[in-house]
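Annotation source Swiss-Prot lists O2 binding site at 58. Positions annotated as heme b binding site by Swiss-Prot: 87. The domain 'Globin' feature in Swiss-Prot is assigned to 1-141; the stated evidence is sequence analysis. Here Swiss-Prot flags 3, 49, 102, 124, 131 (among others) as phosphoserine. Here Swiss-Prot flags 7, 11, 16, 40 as N6-succinyllysine, drawing on similarity to another entry. The N6-acetyllysine annotation in Swiss-Prot covers 16 and rests on similarity to another entry. Look at Swiss-Prot and you will find 24 tagged as phosphotyrosine. The annotation phosphothreonine is assigned in Swiss-Prot to 137 (among others).
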């Protein structure tokens, strides 16, 4: 459960991401594909090369979903319901992949926002991404 301090940290950190959200989302996806090659199996129709328009496009979708989650941090299950349905019933993404992408997002944010990425912010973002992952996998049951 996110504490009030966690929510404040997440909103502040995501605010610093600003107009780079899509770029950071794509970079996190590239990190995931390179670090965890089995995740590529969900994207057989994508050009997964560096800078690919498809990876950039999906990175923007990831970032937009996270922006939505930040904006609805007190009601993520409702805000992310359609996305949860999509990943559980149509795409059938293995839930472990959300943890892998979350890790890659944390690395990407730490690389781009070193001054803001304090231990407290790191912990808050980790809890937030775990909460998002939990919501996205809630309909698998």
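Cβ coordinates come from backbone N, Cα and C, glycine included.
Everything Swiss-Prot records as a feature, shown here on the structure.
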| residue | record | contacts (Cβ under 8 Å, 6+ apart) |
| --- | --- | --- |
| 3 | phosphoserine | none |
| 7 | N6-succinyllysine | 73, 74, 124 |
| 11 | N6-succinyllysine | 70, 73 |
| 16 | N6-acetyllysine | 113, 116 |
| 24 | phosphotyrosine | 17, 59, 63, 105, 108, 109, 112 |
| 40 | N6-succinyllysine | 33, 48 |
| 58 | O2 binding site | 25, 26, 29, 43, 46 |
| 87 | heme b binding site | 93, 136, 137 |
| 102 | phosphoserine | 126, 129, 130, 132, 133 |
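Working note on the modified residues 49, 124, 131, 137: by count of other C-beta atoms within 10 Å of each C-beta, 124 ranks first. The distance from the Cα of residue 131 (phosphoserine) to the Cα of residue 49 (phosphoserine) comes to 30 Å. Mean pLDDT for the domain 'Globin' (1-141) in this predicted model: 94. Under the DSSP three-state reduction, residue 49 (phosphoserine) is assigned to coil, being neither helix nor strand.
Residue 3 (phosphoserine) falls outside any helix or strand according to DSSP and counts as coil.
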